[in-house]
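Notes follow the structure.
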Ligand SMILES: NC(=O)c1ccc[n+]([C@@H]2O[C@H](COP(=O)([O-])OP(=O)(O)OC[C@H]3O[C@@H](n4cnc5c(N)ncnc54)[C@H](O)[C@@H]3O)[C@@H](O)[C@H]2O)c1
Ligand SMILES: CC(C)[C@H](C(=O)O)[C@@H](O)C(=O)O
Ligand SMILES: [Mg+2]
């Protein structure tokens, strides 16, 4: 089949890891007889440097003509002093908002051969770690009123956390639907002991749960959830949470799997159109060194094949290739341990692509 994919590498290691994602996609094309055409799009700091804005209007139109978006990461110290509206991250926020990508799926699982890498190794070796964090992506504190004003003690700034029943309902439904395909357990994470938005979140999730009687629903306060993720992650099957809590908890889940460089994501709208990206950022501390782990992006390509392109066999082939490359002992520095073979970003991409058959 023929597909068109928007390729948005962004900045820093985003450029390196997306290149390896495309390499794997091309290999899928060769082995399974598909044709992937690409639209290369600038976003973030690289787009600011070239065009003075983090995303061009025409890029949105180009994305609309594609089957899916493959995204790297945006941002970096070079652009940190810019006002918020002009920052690289606004390019990503705009894509999320313009396409209505409210459902952010962030699966975290531990690969068999990385159990030793997890800081939780004793617990994950015993009980495993395989969860799906579902994060609202277009509401909450990120996208509501914000600003600066003169307050009682002088200058102050504010970001308003706000959720409507509609926003909570649609992301909750997504979580319950996904739970139906998994172990049928949802833990909704909030801060209902302190926040009004969380109270509405909890009440609304309870209502939605009535439509899914087979799914067990529990609620957990976010501070406890952070603790459980760090010491007992197997209690989670599906985590349903807000934008800000999900952002923080997904990095924590990443570390539990061995490295934040292992975690993929899909951001979907009501009609299933989506943007696929690793959960990590541009990693300025290692950018330009050629050592970033591309496996999160490669795993995001697998999610894209399955969800956006309806190619589950091809997605499974990527998953097998990732498992195999790890089994064969290849590691980028973030997941390196004694006795394994240290490889670069490009080598990891090539070695993974070669294992697709
Ligand atoms: N979706 C996105 O575009 C996105 C996501 C997160 C952060 N950011 C941006 O990225 C910049 C840097 O943010 P940060 O440093 O807080 O987070 P980060 O995720 O970029 O890096 C955190 C740490 O994890 C390491 N790391 C991340 N990805 C890795 C990979 N693939 N392989 C090996 N190591 C990896 C980094 O080296 C660093 O030590 C900021 O400008 C931030 O706004 C963008
Ligand atoms: C870049 C930033 C705004 C973004 C977020 O917080 O959503 C990132 O951390 C992520 O996890 O995708
Ligand atoms: Mg984040």
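Heads up, the Cβ atoms here are built off N, Cα and C, so glycines get one too.
The domain 'Isopropylmalate dehydrogenase-like' annotation in TrEMBL covers 4-352.
Cβ neighbours of residue 86 (NAD(+) binding site) (same chain, under 8 Å, six or more residues apart in sequence): 48, 53, 54. Under the heading NAD(+) binding site, TrEMBL lists 76, 77, 78, 79, 80, 81, 82, 83, 84, 85, 86, 87, 88, 89.
There are 21 other Cβ atoms within 10 Å of the Cβ belonging to residue 96 (substrate binding site). Residues or ranges marked as substrate binding site by TrEMBL: 96, 106, 135, 223.
According to DSSP, residue 142 (site 'Important for catalysis') is assigned to a helical segment. The Cβ of residue 142 (site 'Important for catalysis') lies under 8 Å from the Cβ of 93, 159, 243, 244, each of which sits 6+ residues away along the same chain. Residues or ranges marked as site 'Important for catalysis' by TrEMBL: 142 (among others).
Annotation source TrEMBL lists site 'Important for catalysis' at 191 (among others). Counting Cβ atoms from all protein chains shown, residue 191 (site 'Important for catalysis') has 19 others lying within 10 Å of its own Cβ.
In the three-state DSSP assignment, the secondary structure recorded for residue 247 (Mg(2+) binding site) is helix. The C-beta environment of residue 247 (Mg(2+) binding site), restricted to residues of the same chain at least 6 apart in sequence and closer than 8 Å, consists of 135. Residues annotated as Mg(2+) binding site in TrEMBL: 223, 247, 251.
Nearest Cα neighbour of residue 106 (substrate binding site) among the listed binding-site residues (76, 78, 82): 76. Comparing Cα positions, residue 88 (NAD(+) binding site) lies closest to 96 out of the recorded positions 96, 191, 223, 251. A simple Cβ count within 10 Å picks out one of the binding-site residues 80, 223, 251 as the most packed, and that one is 251. When other Cβ atoms within 10 Å of the Cβ of residue 84 (NAD(+) binding site) are tallied across all protein chains shown, the result is 9. Remark: of the binding-site residues 76, 88, the most isolated position is 76 (fewest other Cβ atoms within 10 Å of its Cβ). Apart from 223, 247, 251, the Mg(2+) site neighbourhood in this chain, defined by C-beta within 8 angstroms of the site C-beta centre, holds 222, 226, 244, 245, 246, 248, 249, 250, 252.
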